[in-house]
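The block underneath contains the structure these notes are about, expressed in structure tokens.
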Amino acid sequence: MAHDSSDATTVWQKLKAGVPAPGDGPVAAVFRCADAGISSETVFGQSAGALLDVSTWGHTVDTSVLASLEYAVEALGVPLVVVLGHDDCPAMTAALRAWQQAQLPDGAMRAAVEHALLSVVRRGAAADSVASVASAHIVETGLGLTQRSPALARRVDRGECGIVCATVDPADGTIRVHATLGVEETNGVLVEMV
Ligand SMILES: [Zn+2]
């Protein structure tokens with residue numbers, strides 16, 4: 001099947017390859033972890049303005065996150081949402097500690113950690129490393145977006161938008177894809193969602 005230049009798979013391939021976007025507005029929305037220590041633009045080799053960047057600590061999804069992503073897909077018409085986690089994530093380390101030692105942070109950080117733990121339970125993941133917790137949480141967060149946003153789900157159903165759940169190694173920029181929805185990705189996908 002032919003792809004036009006704006007479809008999710010094409011945009012994802014260009015982002016992965018670090019091909020700079022033409023520069024007339026965002027080509028994708030990236031929902032990343034606030035403690036990543038690396039910008040989405042740096043990860044994907046893009047200049048400022050090429051990505052609509054949304055970040056929270058540990059990928060907590062709230063109304064402001066959903067509104068930002070819906071603005072990207074509905075108002076701007078971007079065909080791709082990337083849920084981007086990262087290696088050695090402090091938030092996922094806190095979640096693993098909570099799982100193994102029942103030590104939870106206080107305040108609002110507790111809710112973020114609890115969300116990550118819920119992802120581990122829902123995915124039936126082995127919570128034996130920061131990487132496995134991160135993978136479960138990234139995939140569950142990506143799935144959860146279509147469950148919590150009818151607008152996004154509708155776009156995905158129509159083939160107008162795709163979602164990629166990935167993690168990056170900030171040290172060398174290696175990107176690992178954990179799940180995709182409406183995006184063709186044959187290299188190393190751990191979970192295929194339909
Ligand atoms: Zn993080």
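Any Cβ shown, glycine's included, is placed from N, Cα and C.
Per TrEMBL, the feature Zn(2+) binding site maps to Cys33, Asp35, His86, Cys89. Cβ neighbours within 10 Å of Cys33 (Zn(2+) binding site), excluding its own Cβ and spanning all shown chains: 27.
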Check: same-chain CB within 8 A of Zn(2+) site center, minus Cys33, Asp35, His86, Cys89: Arg32, Ala34, Ala36, Gly37, Gly58, Gly85, Asp88, Pro90, Ala91, Met92, Ala134
